[in-house]
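Report on the structure given below.
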Amino acid sequence: MWILSLIVISLRIWCRRTAKQLGVDDALILAAMAVNTGWFYTLIMYAKTKYAGIHYWDAPELTYDQQATSKLYEWLIILLYHPVLGFVKASVLCFDQKLIGIKKPIRYTVYALQAINAGSMISIFCVTLFQCNPISLNWTPNYKRACINNIAFNYAYNSIVIITDVAVLAVPFWAFMGLQMPIRLKIALLGVFALGIIVTVISCVRLILLVNWFNQFYKGLGSKDIYYSVGWTISPIESNLAIVAASMPALWPMFRRMFPNFFSGLNSSSYPANSAAPRSNKRATGFRSQLSRPTGATRITDDDDTFVMKTMSANVHADGRASTPTGSQDGIIDCKNGIMRTTNVEVEYELQARSDKEEYDKKKVAYAV
């Protein structure tokens, strides 16, 4: 799974760098991958020193130093686990900010989730770091610990992981449900974002296995062979799959270029029954008929919507989002700008010949009257 996440991250960065569109979300996912690499290494070393995956009667008895080393790795696993998921969620939320446009309720929700995610990541990291006093007790074997309630803490922070997972997953669904686009395209997009549901399911499974493990380790319930379990494979699957799922929406433009025929079929599929497909004509995709006469402009003919535009001079920068007359939002994900609605507008102008000036003046007077 680590190799898969590395491949996906590499493709994502290559796509963004080629398009010169690297952003904060990419930096955060790289941070998640860096922490995940260190966390994955400590997990491997812990399994090696603790003989995880081997029946306890087949494993040799550990020396004092080996016990201390395995407990150090165990503490580091818990310490680094939540920052991986925290950086992944922060990256997803930053990417979501590119999708929501000017929808204030969703934008404020994203800001709130960013604050909650950052707060939980920092607080859980600090609690894990200072859960024992002094810190060295975390890796001191056979010592009566002066530490927090480890069971309650693990239940609490794993529950926070699941709750924030669900909240972060809900944001793109909330943003997409109001968009007018072909049904198959909407389903495909929601399917890409829904990959995170698998991560949430794995988090729930991990919590169940954690409860069973605590019952075995602390309460002596069930089998004593607690290290011979598939539960140790759940966490790396969860963290690496989270990185993969978070990167898939960013690879959408690359998939569109690789499989143009497939995505062309999605764009040409039918629209929902309660919305109309975009109108089009040879000139401006239905946009021309929506134009109103600008201030200072003059109508050229009575049977056309063409105007001689008033000469204007301005140094203005406008940043906004366009929509077609039906509100269609077909082409929506761009590496840089996220959800985009594109309207092709054709601007035409004519130079009036001197021989047409008399007719033009008559039209101008008629329109003024």
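Just so it is clear, glycine is given a Cβ too, placed from its N, Cα and C backbone atoms.
All TrEMBL annotations are machine predictions without curation.
Per TrEMBL, the features are:
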type	residues	note
DOMAIN	11-257	domain 'Rhodopsin'
TRANSMEM	27-47	transmembrane segment
TRANSMEM	75-96	transmembrane segment
TRANSMEM	108-131	transmembrane segment
TRANSMEM	151-175	transmembrane segment
TRANSMEM	187-214	transmembrane segment
TRANSMEM	226-252	transmembrane segment
REGION	272-297	region 'Disordered'
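Tertiary neighbourhood of the transmembrane segment (75-96): same-chain residues 23-26, 28-29, 31-32, 35-36, 38-39, 42-43, 46, 110, 113-114, 117-118, 120-121, 124-125, 128-129, 138-139, 154, 157, 161, 164-165, 168, 171-172, 175, 196, 235, 238-239, 242-243, 246, 249-250, 338, selected by CB-CB distance under 8 Å and a gap of 6+ residues from either end.
Under 8 Å from some Cβ of the transmembrane segment (27-47) lie the Cβ atoms of residues 2, 5-6, 9, 12-13, 53, 70, 73-74, 76-77, 80-81, 83-85, 87-88, 90-91, 94, 232, 235-236, 239-240, 242-243, 246-247, all in the same chain and six or more residues away from its ends.
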